[in-house]
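Noted in TrEMBL for the protein shown:
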DOMAIN    17-76  domain 'V-ATPase proteolipid subunit C-like'
DOMAIN    97-155  domain 'V-ATPase proteolipid subunit C-like'
TRANSMEM  12-35  transmembrane segment
TRANSMEM  56-76  transmembrane segment
TRANSMEM  96-118  transmembrane segment
TRANSMEM  130-155  transmembrane segment
Amino acid sequence: MSTAFSGDETAPFFGFLGAAAALVFSCMGAAYGTAKSGVGVASMGVMRPELVMKSIVPVVMAGVLGIYGLIIAVIISTGINPKAKSYYLFDGYAHLSSGLSCGLAGLSAGMAIGIVGDAGVRANAQQPKLFVGMILILIFAEALALYGLIVGIILSSRAGQSRAD
């Protein structure tokens, strides 16, 4: 058994699990939001093809959710290097909670964006005055994922503060 490793041997598992959770859940939210609002855009485009480009906003907003998960996954994975610095269970749990907060916030935001985007673009085809209201609701749904990203960054920054090395 090598003595080069310092810290808890199972801690990196939780850290990498956090990175995977951030990316997977955020991308699931992005995929759901894109698919659900994309169906609404396609349905609306049959009746009002001139509004398709204007109605693509929910699809773009859903796609951004995956980027949030990617950011946290990169931050977490670069913070896991047990050979360079001791990596304890506290650090692994901090990274796990960081990934889960960002990922699950992205998943819930993607579901909200998909539902609002689907109904919103269809309603916008019938009543153009609803466009601003739809955009505001989409912004508030996107803010949920942004909150998860911010909390994820804060939690990830706590890793490495468990013990004085």
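Heads up, the Cβ atoms here are built off N, Cα and C, so glycines get one too.
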Positions on the same chain near the transmembrane segment (12-35), where near means CB under 8 A and six or more residues out: 58-59, 61-66, 68-70, 72-73, 76-77, 79-80, 82, 87, 89, 91-93, 95-100, 102-104, 106-114, 117, 145, 152, 159
So how many of the residues in the domain 'V-ATPase proteolipid subunit C-like' (97-155) end up helix, strand or coil by DSSP? 58 helix, 0 strand, 1 coil
So what's the mean pLDDT when you look at the domain 'V-ATPase proteolipid subunit C-like' (17-76)? 94
Excluding the flanking five residues on each side, which residues at least 6 beyond the ends of the transmembrane segment (56-76) place their CB within less than 8 Å of a CB in that stretch? 15-16, 18-20, 22-27, 29-34, 37-38, 40-41, 95, 98-99, 102-103, 106, 109-110, 113-114, 116-118, 120-121, 134-135, 138, 141-142, 145-146, 148-149, 152-153, 156
